[in-house]
Amino acid sequence: MSGPAQVPMMSPNGSVPPIYVPPGYAPQVIEDNGVRRVVVVPQAPEFHPGGHTVLHRSPHPPLPGFIPVPTMMPPPPRHMYSPVTGAGDMTTQYMPQYQSSQVYGDVDAHSTHGRSNFRDERSSKTYERLQKKLKDRQGTQKDKMSSPPSSPQKCPSPINEHNGLIKGQNAGGINTGSAKIKSGKGKGGTQVDTEIEEKDEETKAFEALLSNIVKPVASDIQARTVVLTWSPPSSLINGETDESSVPELYGYEVLISSTGKDGKYKSVYIGEETNITLNDLKPATDYHAKVQAEYNSIKGTPSEAEIFTTLSCEPDIPNPPRIANRTKNSLTLQWKAPSDNGSKIQNFVLEWDEGKGNGEFYQCYMGSQKQFKITKLSPAMGCKFRLSARNDYGTSGFSEEVLYYTSGCAPSMPASPVLTKAGITWLSLQWSKPSGTPSDEGISYILEMEEETSGYGFKPKYDGEDLAYTVKNLRRSTKYKFKVIAYNSEGKSNPSEVVEFTTCPDKPGIPVKPSVKGKIHSHSFKITWDPPKDNGGAAINKYVVEMAEGSNGNKWEMIYSGATREHLCDRLNPGCFYRLRVYCISDGGQSAVSESLLVQTPAVPPGPCLPPRLQGRPKAKEIQLRWGPPLVDGGSPISCYSVEMSPIEKDEPREVYQGSEVECTVSSLLPGKTYSFRLRAANKMGFGPFSEKCDITTAPGPPDQCKPPQVTCRSATCAQVNWEVPLSNGTDVTEYRLEWGGVEGSMQICYCGPGLNYEIKGLSPATTYYCRVQALSVVGAGPFSEVVACVTPPSVPGIVTCLQEISDDEIENPHYSPSTCLAISWEKPCDHGSEILAYSIDSGDKQSLTVGKVTSYIINNLQPDTTYRIRIQALNSLGAGPFSHVIKLKTKPLPPDPPRLECVAFSHQNLKLKWGEGTPKTLSTDSIQYHLQMEDKNGRFVSLYRGPCHTYKVQRLNESTSYKFCIQACNEAGEGPVSQEYIFTTPKSVPAALKAPKIEKVNDHICEITWECLQPMKGDPVIYSLQVMLGKDSEFKQIYKGPDSSFRYSSLQLNCEYRFRVCAIRQCQDSLGHQDLVGPYSTTVLFISQRTEPPASTNRDTVESTRTRRALSDEQCAAVNLVLFAFFSILIAFIIQYFVIK
């Protein structure tokens, strides 16, 4: 490649896809008229102007699928980043590094394979600086991570960003031209480069933190499920950790592969949990699982792979059997084996319904073959079949049921099809089975159709087993001929007789919008219309005209129905809007309605109104009139009303109201005088005639306003109110209304009668009250008096409410004991004008307890497990208030004492502890709970167990080590005291069992025995003990004891059986002296000594070889043991299945 080369690229999301660039070349992204081109040009040589930053190339070759673009690239916004899916794609591992904010930085090609050991001194310092900055930016970190960092203020060339890639025509020349453009601004440019490089190092350090994650742990492995658990990335750097700078919540992505450790991985989980359950796995399959950490769009390197294998299970459900051959009396079926799921399929089970069709299946074949022939069947007989497979783990489910028929005879000629329903473009036909056909025989039908005018003859329209079919896409009002043919696997029948059916005509088209013919009058006008362009294939029978009153009226009424195309609309109202529309009817149906025509008749002046009427009762100085609109508005809305008034004794009318309202108030009248009123209405055409006159007489006036009442408080709950008689205005006062209340604007009537005083009881002490009075006569009610305020004197406090017990969790008093104390709280009652000084608590004792101005108190010196009745009252300077309601509280019993702790079983790694009296498995509902603790390396006691059981097994201990334990009992009364410290010591472990020794014959009387050698156990030497048992002896004898791993036995006798075994002995030296810990013996090896003779003939060699083979090797012994173990396991499983489960 000698010069630039253009590479056309297509991307579905608008971003530039990754490409591979040869060494020595660099890509440039150029945009021209909205089209991006990637130009590959030779890499420009490095340019080092004085005082400027040098752009270095990466010392490593480009990674596959990675674009070595210029490093001056801002990071993409967080909302535009999307992680690449696909488990095995290389871009998934390297894309987070490519999209991080690497400005003037090198690409680290080793970051995807390292762990915490790969960091150098510079990365460690950068990580410490990152931890410091994360603390300072803890409040605004999410806002900063969601937006791209700001560009330097003195950037020489415009660079646009699109999905993390550089966009612009000048983007390709950054490496070669940036030094010249920044000439004269070296100081500012160097500062910006340092800040961006620092951000790049922080990102790398954070990626290193996310990469420090261990592989997941697989547990609860089943045939199709597994549980994966992992821990967050470790924050340990150079032996130190800072938990304050580590994020509280990570994101994780779990990748699995079933094609090997280096196979293709796929993503199965993305979230924030640290344990998941994987479902839908393949049984008996090896899987590799990895986990990858992510935080704020930065991903770490995936962990090492965890390898696990799913369990085996019963086979998958097989596919239905398929038919291989059929005759009139037999069916031959074949099938394929499904997945065996880790265990070889032993048998296939084929069931059938014997052709009865009642849903009951019977076994017809069971074996390892994959085909079977069913014989002795009847012609045209239908049978259902299903198949299952069986292996060592069980039987699979049955396959789908399939129905197969034996061969039969061709059907007879069917009857002609019958028309069930006809439409405009379709015809529904129905036919029946040929006569003499069995009901269960599978017969198909061919429906053929011929159009009268097409000239193509009959063509098939349907081929299937149904007895009905709807032929669609036909023409309206057209005749069609039909016939039906029946067939089966044996042949076709003769066609049925031809029948002819006709489709229905279509409804006609929309008529033309009607129009007005002639002049529009106030009460009538004439309309006309044209017929529709499409009559639907049939003549128009009649037209229907509908009319709706109003410009937006939707209540249509039929006003005409006939064959003519014009109509006179009469008996209309003046000035009204009318909407008219028309539709037509033919044999094909009714057409849609036409567009509506809007017509308005001319208006006239309104008609006379009814006389105005009195609204309510007449008052002394004013009356209120009300009227309705005229019966005839003249076709135009009423815009104005005019009311005239004149005294009854003289005819001098004057206008007292003109407006659009339908009521008015006439004031400045004289009480007890008669007046005449008349009314007229007007619209846009003018005023109409006056109505008839209406005579109305004014009424006498109500009493005047009362003077303010006088209030006298007789006690804290009683007050006396007095008032005077006001002016009556010509009528006597019949009664007075007194309003009383605690709020000035919300008073209620408390008295209504003729009296001039009233006594009010049931008041609250030290409370402000308001009152006013009103006089009434037969005429009406006068205005209320002015409001008067009064204050009642103070009294004893009110009753105490909300008396309740305080829970133990809310008490912070260190001297509180739930067995001898009760804590209560209450709400402060109303003091009734005098401050509350104390409270008196009555708990049933002879003397009550008085406390200060508090709302909670702890009652001490009580008896454990005792019920008390408690009530309380408040006290002030005026006396004691009433007692509150009584509550029953009970003290708790005393906490239990700790039990004695014992060690009932021990080994070099386990200690089984027991305490108290009870069964090992105690129910969780026991009232007493136990808390077992053990001392750790720092001398602190940590919790081992908390629960109701009386035993606990401590595991994963060190041999020959002393451990300290203590125990504590607790119940609903609280936690009891901690017991004394108990010290238990684990013994030393014995050596492991050795493999069976190997025996080599030296001569007729000497053989050499060798065995495996063990390493010293924690500094203790290991020796070996070799034993032999001769012939039919019942006991072994020791022939060697020492540190060697071989021994020559020289006391062999000819034609004798020898059994050898060996064990390891650990020699311990402790404070008690020398001690030997003997391990288990190895497997016994049989050896038969025989005389060695020269070969005489072929037969003799064969006999000698047979005798020599009697000594079993290690592999043969292991095979024999495995077979015996499998036999006994199957036998025990069968016994449990038969006697226990059934």
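Placement of Cβ uses the backbone N, Cα and C atoms for every residue, glycine included.
Under the heading compositional bias 'Basic and acidic residues', Swiss-Prot lists 107-145.
Taken from Swiss-Prot, the feature compositional bias 'Low complexity' applies to 146-158.
Among the features that Swiss-Prot reports, domain 'Fibronectin type-III 1' is placed at 212-313, with the record citing sequence analysis.
Summarising the annotation, Swiss-Prot assigns domain 'Fibronectin type-III 2' to 317-409 and lists sequence analysis as the type of evidence. Mean pLDDT of the predicted structure over the domain 'Fibronectin type-III 2' (317-409): 91.
Summarising the annotation, Swiss-Prot assigns domain 'Fibronectin type-III 3' to 413-506 and lists sequence analysis as the type of evidence.
Taken from Swiss-Prot, the feature domain 'Fibronectin type-III 4' covers 510-604, and the record attributes it to sequence analysis.
Residues annotated as domain 'Fibronectin type-III 5' in Swiss-Prot: 608-701. According to DSSP, the domain 'Fibronectin type-III 5' (608-701) comprises 0 helix, 40 strand, 54 coil.
Among the features that Swiss-Prot reports, domain 'Fibronectin type-III 6' is placed at 705-795, with the record citing sequence analysis.
Per Swiss-Prot, the feature domain 'Fibronectin type-III 7' maps to 805-894; the stated evidence is sequence analysis.
The domain 'Fibronectin type-III 8' annotation in Swiss-Prot covers 895-989.
Among the features that Swiss-Prot reports, domain 'Fibronectin type-III 9' is placed at 990-1095, with the record citing sequence analysis.
What Swiss-Prot lists as phosphoserine is S147 (among others), and the listing cites similarity to another entry.
If you look up Swiss-Prot, you'll see S151 (among others) marked as phosphoserine.
Under the heading phosphoserine, Swiss-Prot lists S157 (among others).
A C-beta separation below 8 Å, combined with a sequence spacing of at least six in one chain, links K328 (N6-acetyllysine) to L377, S378, P379, A380, T406, S407, G408. If you look up Swiss-Prot, you'll see K328 marked as N6-acetyllysine.
Sequence annotations record features per position, and here Swiss-Prot assigns region 'Disordered' to 104-191.
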Task = May I have the DSSP-based helix, strand and coil counts for the residues of the domain 'Fibronectin type-III 6' (705-795)?
result = 0 helix, 46 strand, 45 coil
Local backbone state of K328 (N6-acetyllysine), from DSSP in three classes = coil
